[in-house]
Amino acid sequence: MTLVEKTESSIREDVASASLDKVLARHGRIDLVPLPSDSPEDPLNWSSFRKNMLLALVAFHACLGPFSAACVIPSFEDFVVDFGITLTEASYLVSVPIVFLGTIPLLWAPVSNRIGRRPVYLASMLLSAAMQLASAYCTTYGSLMTTRVLVSVFICPPQSIGASTVSEVFFVHQKGQKMGIWALLVSVGPTIAPLIMGPLVYHTGQWQWTFYFLAIINFAHFILYIFFCPETLFDRPDRSNGSPTNIMVERVNTRKWHTPYTSFRRHSTEPWIRLPLNVISPLRYLTKPTILLPSLAYAITFTYTNVLLTVQIPALLGQKYLLNTQQVGLQFIAPFLGALLGEPIAGYGSDKWMQYRVRKAGGTRQPEWRLPFAIPGFLIAIVGLMIFGVQLQNTSAGVWNITPDVGSGIALFGLQLVTTVCTTYAIESQPGHTGQAALMVAFIRQMYAFTGPFYFTLQFDTMGTVNACGLLSGLIAIGMCFILLCILFGKSWRTGKEAISREQESTGDLSDEKVKV
């Protein structure tokens, strides 16, 4: 027997003695984190098609939250005529749902921990479809606002449990790519919605078709969930004790293949009376500078690029260039392309930058090393916003000009750099509490973004386009200063907490993941 054959034989014996022979046969390797069980019901053991189909559904579901919020933007002028409201009041149909997209996920996370992911996803899509259909039959501004709020309440679960679902299905070495897909769809939702709905409303002549279309999409998504969204919460046995876990695996294997689709049960014994405490408990992370400062920096940039350049397009470009509904929707091609190009560069570039810093430091890793990659993002966002403002003011009224759209595309490109780096750093700074950190990033972003549409119109009317964009660019620069503070003092803020230091030592490998919102 050759040396190689002896080595392979020794490895097979070691694998068998550790009861990992089925893992090796199924995955071709045993250095997996987390280590799967032998049960075919374990989400980590599902086929690639089953995993990626679920990822596509959950990522698209997450996209539908901001998509639904922004879908009415091309219909603002129709709302003004039908409901007798101002253009500013019409924009509230976007801004008010934003705040619910940021707060209600705090509720869905502990609920899904108790009853499972599948029931929450199914209920979310079915109730959202019903509310979208109800929106089409609203005849007053108040009733439409009510249904819009209810849609936000029901459609937002993936904002809190979507990342958890990805983590429950994929291994650590796969999460960076899979999280990137999920994050990209969330990012392009607000820009692609008006791009689709503008031509739809223009050619049908009815804003109600916006909600007919969404109701059809949501109900079709519900049907797909029935067949392709099994339960991902799984009581994975501890393999550290070797063979005793086989008894539990045998018991699991006696269940039917359809169990993850048809079995509804409690996954947590925590009493429901503690639900209010579970909802507000993540708020304590607002006191941590390594979460608060990057989240604020991201929220400021998000509000003055993404929100401003979507909600205000009908008022700024539509009115100046006398655009119809379809033409208003087409103005979102540029920001969509900016976000689409920025996200891959942000994810790949920040990972390469981090790998370079780790190699330079001899293998050690600090989350703060990722932050300098965000600085170009702030600067690019400022440049794009100023191009938008200057060109919008200098171009002739009534004659469409592409240069403001070029500025909006540049701004959204920069935003993606900021998004990836700031959210990843906030999560990496709390490796033992990644879910809560991600939830707080989304919460701060949505709460800050909620306020923008209430003063954008007055600000631009009073100050003028260039001055208003200059002021907002200055606020983005302040957000960049928050990141500079984290670069200088982030390590001391993290290591100054003894409890957090112990968590980092015990779960340090989690910092290598690229986890995003």
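Glycine residues also receive a Cβ, built from the backbone N, Cα and C atoms like all the rest.
The domain 'Major facilitator superfamily (MFS) profile' feature in TrEMBL is assigned to 54-491.
Annotated transmembrane segment per TrEMBL: 54-75 (among others), in sequence order.
Packing against the transmembrane segment (90-108) from elsewhere in the chain are residues 65-66, 68-70, 72-73, 76, 79-80, 83, 120, 124, 144-145, 148-149, 151-153, 156-157, 159-161, 275, 279-280, 282, 307, 310-312, 315, 439, 442-443, 445-447, 449-454, 456-457: each is 6 or more residues past its ends and has a CB under 8 Å from a CB in it. Annotation source TrEMBL lists transmembrane segment at 90-108 (among others).
Residues 58, 61, 64, 68, 108, 111-112, 144, 147-148, 150-151, 154-158, 161, 208-212, 214-215, 218-219, 221-222, 225-226, 229 of the same chain lie 6 or more positions beyond the ends of the transmembrane segment (120-137) yet place their CB under 8 Å from a CB of it. The annotation transmembrane segment is assigned in TrEMBL to 120-137 (among others).
Per TrEMBL, the feature transmembrane segment maps to 149-172 (among others).
Taken from TrEMBL, the feature transmembrane segment applies to 179-197 (among others).
If you look up TrEMBL, you'll see 209-229 (among others) marked as transmembrane segment. Long-range contacts of the transmembrane segment (209-229) within the same chain, counting only residues at least 6 positions beyond its ends with a Cβ under 8 Å from a Cβ of the stretch, are 50, 53-54, 57-58, 60-61, 64, 68, 71-72, 75, 117-118, 121-122, 125-126, 128-130, 132-133, 135-136, 155, 197, 200-201, 261.
Under the heading transmembrane segment, TrEMBL lists 291-317 (among others).
Within the chain, the transmembrane segment (329-350) has long-range Cβ neighbours (under 8 A, six or more residues past its boundaries) at 74, 176, 180, 183-184, 187-188, 191-192, 194-199, 201-202, 306, 309-310, 313, 317-318, 323, 370, 373, 377, 384, 405-406, 408-417, 419-421, 424, 514, 516. The transmembrane segment feature in TrEMBL is assigned to 329-350 (among others).
As annotated by TrEMBL, transmembrane segment applies to 371-390 (among others). The list of residues near the transmembrane segment (371-390) in space but at least 6 beyond its ends in sequence, with Cβ under 8 angstroms from a Cβ of it, reads 294, 297, 301, 304-305, 308-309, 338, 346, 349-350, 353, 403-404, 406-418, 421-422, 425, 465-466, 468-470, 472-473, 476-477, 479-480, 483, 486-487, 490.
Taken from TrEMBL, the feature transmembrane segment covers 410-427 (among others). Below 8 angstroms of C-beta separation, residues 183, 187, 191, 290-291, 294-295, 297-298, 301-302, 305-306, 309, 334-336, 338-339, 341-343, 345-347, 349-350, 367-368, 370-371, 373-374, 376-385, 387-388, 434, 437-438, 440-441, 483, 486, 490, 514-517 of the same chain, each at least six residues beyond the ends of the transmembrane segment (410-427), sit close to that stretch.
Annotated transmembrane segment per TrEMBL: 439-458 (among others), in sequence order. Remote same-chain residues near the transmembrane segment (439-458) are listed as 87-88, 91-92, 94-96, 98-99, 101-103, 105-106, 109, 159-160, 282-283, 285-286, 291-292, 294-296, 298-300, 302-304, 306-308, 311-312, 315, 422-423, 426-427, 517 (criterion: CB distance under 8 Å, separation of at least six residues from the stretch ends).
Taken from TrEMBL, the feature transmembrane segment applies to 470-490 (among others).
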Practice prompt. Residue list, the transmembrane segment (291-317) vs rest of chain: Cβ under 8 Å, 6 or more residues beyond ends.
Written response: 70, 73-74, 76-77, 87-88, 91, 94-95, 98, 190-191, 194, 285, 323, 328, 331-332, 335, 371, 374, 377-378, 381, 384-385, 388, 392, 404-405, 408, 411-412, 414-415, 418-419, 422-423, 425-426, 429-430, 437, 440-441, 444-445, 447-449, 451-453, 456-457, 460, 465, 472-473, 475-476, 478-480, 482-483, 485-486
Worksheet item: When each of 54-75, 179-197, 470-490 is checked against the transmembrane segment (149-172) for Cβ pairs under 8 Å, which one has the most?
Response: 54-75
Item to complete: Mind looking up the mean pLDDT for the domain 'Major facilitator superfamily (MFS) profile' (54-491) in the predicted model?
Response: 87
